Amino acid sequence: MTHNIISISGLSKTYPKGFEALRNIHLDIRQGELFALLGPNGAGKTTLINLICGIVRPTVGSVSVGGFDIITRYKQARAMIGLVPQELTTDAFETVWATVCYTRGLFGKRPDPAYLEKLLRDLSLWEKKDSQIVTLSGGMKRRVLIAKALSHQPHVLFLDEPTAGVDVALRRDMWQLVRDLRNAGVTIILTTHYIEEAEEMADRIGVIRKGELILVEDKVELMRKLGMKRLSLQLAEPMTAIPPSLAGYGLELSPDGNVLTYTYDSQSERGMIAALLDTLNRLGIAFHDLNTSQRSLEDIFVSLVHEDAAP
Amino acid sequence: MNPIAFLTIYRYQMARTWRTLFQSVFSPVISTSLYFVVFGSAIGSRITEVDGIHYGAFIVPGLVMMSLLTQSVSNASFAIYFPRFTGTIYELLSAPLSYMEIVLSYTAAAVSKSILLATIILLTASIFVPLHIAHPVWMVLFMLLTATTFSLLGFIIGIWADNFEKLQLVPLLIVTPLTFLGGTFYSVQMLPPFWQTVSLFNPVVYLISGFRWSFYDIADVPLSISLLVTGAFLAICLAILAWIFKTGYRLKQ
Ligand SMILES: Nc1ncnc2c1ncn2[C@@H]1O[C@H](COP(=O)(O)OP(=O)(O)O)[C@@H](O)[C@H]1O
Ligand SMILES: [Mg+2]
């Protein structure tokens, strides 16, 4: 049985100058899952994360983490969370070791040098533990931020665009780490605008656009939809409505009546196309061209996020 | 109250102090020595005595107060402004800490640092003039109360400021003039009546007067009033901070 570690309900955020960054978000994150939040720049991903972590205040709605409300029981809620922020914000003159110990201390946890050593080794930071952060490269700083977020052994890890501007080696290490954490039972929520990442890593995918969560789906389910093919028929004569005898095929007619589209699962098509074409022939519906296409997650994503915003 | 988190912030802030110890100690020692050369020796050779006290010795409490005030304000304001400026404030805001715990730990660090410096100045002064401390317990109490109040003020400034200029503006335009006009180098009673009345609106007058009383048993205003005004100032700072945290002003949107 899975239960929800994060529950978001009716959450909206309007920034002080009146900009509505999030609108009526309802979302449950399951314990132990890897949830990818996809969306173009400015969609509200960071706002959502910052809200859950206590950096931004909600305007209306509620959020609980591990059953603790983030406003009334913020201490218990925040104690469960590790956050890797989008921006590379670190102290400059502290050493890697000092900054990691600092974060652990902020979360009220006793020092545990053995755990922190393992953490830094896993992130290939151990050699740099006595270096000042200012001397590290961007990729190394990103690792430091991850180490800080994990320093207090959180149950939930937020990764806000962890791979933006990151080199291949770090990206690979990072995914390995994320997999290990997930296997260890840590719930992970990451934002990205790289679809392949979400496709490869996530259990579930959410798409956010202009502050609205427009889709939340199991990746497997999404991939099944990806397996769907579309057969488009360019009709010789425009059609005003789909004839009743074609009702069983779930056809779509384009608004101008010129294109009839049949969506099917290429693995279990079982002669339906032949039957469809046969029926069309009997009804005397002619077409002068036909083509098939496969939708990718990319297409789904692009069509979702580029549709004009609903009112 | 989480003792581990409190100590973590306190130590982290103090570590910054130790790193810059040389300059933090060196410059106040130099400037105090300069004050003694200019005011104590050059001017003091003309004035010699105020209220029956050697002028060099008379200005010591004022000098100590002056550095206590400016150091407290600048330490605390910088300590909280800096993470806001670099963005690392996210860490404090997302940690399981109450605002109270954050203020207490930052203030404790700022107070420790400015009291450390005040002590160094006091020691430097004792090289130049014979010091006499009539009420040492009160002296320590006044130092603590002043450092706390002005660290809180600094904390407020550090949250209010949205650029480095503003961060320096308040200490420069308000704190320094108030200290100079607060009776550091003179007794308020030496002023013409009109300016004596004006001085009564300057909270620093009460601090320096009370502090000087703890040294030499002489005061411009009664001790109880000194304590009352300092306490009121502390209460005002606390009230402003409470409001800041309630509204999230400049910290959380
Ligand atoms: N502090 C702020 N004040 C006003 N508007 C903001 C603030 N932070 C973000 N926004 C706006 O909210 C929207 C969502 O931003 P953000 O959550 O950062 O999006 P994403 O992380 O998906 O790129 C953007 O249009 C952004 O301009
Ligand atoms: Mg973002």
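Counting starts with 1 at the first residue shown.
Including glycine, each Cβ sits where the backbone N, Cα and C put it.
The domain 'ABC transmembrane type-2' annotation in TrEMBL covers B:19-248.
The transmembrane segment feature in TrEMBL is assigned to B:21-43 (among others). Sequence-distant contacts of the transmembrane segment (B:21-43), counting only residues of its own chain at least 6 positions beyond either end whose CB sits under 8 Å from a CB of the stretch, comprise 55-56, 59, 63, 67, 71, 113, 117, 120-121, 124-125, 128-129, 185.
Per TrEMBL, the feature transmembrane segment maps to B:55-82 (among others).
Under the heading transmembrane segment, TrEMBL lists B:115-133 (among others). Residues 17, 24-25, 28-29, 32-33, 36, 40, 54, 56-57, 60, 63-64, 67-68, 71, 139, 143-144, 147, 214-216 of the same chain lie 6 or more positions beyond the ends of the transmembrane segment (B:115-133) yet place their CB under 8 Å from a CB of it.
Annotated transmembrane segment per TrEMBL: B:140-161 (among others), in sequence order.
Sequence-remote contacts of a segment are chain residues at least 6 beyond its ends whose Cβ falls under 8 Å from one of its Cβ atoms, and for the transmembrane segment (B:167-186) they are 39, 50, 59, 62-63, 65-66, 69-70, 73-74, 77-78, 81, 150, 157-158, 161, 199, 202-205, 207-209, 212, 220. Taken from TrEMBL, the feature transmembrane segment applies to B:167-186 (among others).
Taken from TrEMBL, the feature transmembrane segment covers B:198-215 (among others). With a cut-off of 8 Å between Cβ atoms, the residues of this chain six or more beyond the transmembrane segment (B:198-215) that come close are 58, 60-62, 64-65, 69, 131-136, 138-139, 141-143, 146, 178-179, 181-184, 188, 191, 221, 223, 225-227, 229-230, 233.
Annotation comment: TrEMBL describes B:221-245 (among others) as transmembrane segment.
Beyond the transmembrane segment (B:140-161), the same-chain residues lying 6 or more positions past its ends with a Cβ under 8 Å from any Cβ of the stretch are 64-65, 68-69, 72-81, 84, 103, 106-107, 110-111, 114-115, 118, 167, 169-171, 175, 207, 210-211, 214, 227, 230-231, 233-234, 237-238, 240-241, 244, 249-251. Away from its own ends, the transmembrane segment (B:55-82) comes close to residues 13, 16, 28, 32, 35-36, 39-41, 43-44, 47-49, 106-107, 109-111, 113-115, 117-118, 121-122, 125, 128-132, 143, 146-155, 157-159, 161, 167, 170-171, 175-176, 179, 182-185, 187, 204, 207-208, 211-212, 214-216 of its chain (Cβ-Cβ under 8 Å, at least six residues beyond either end).
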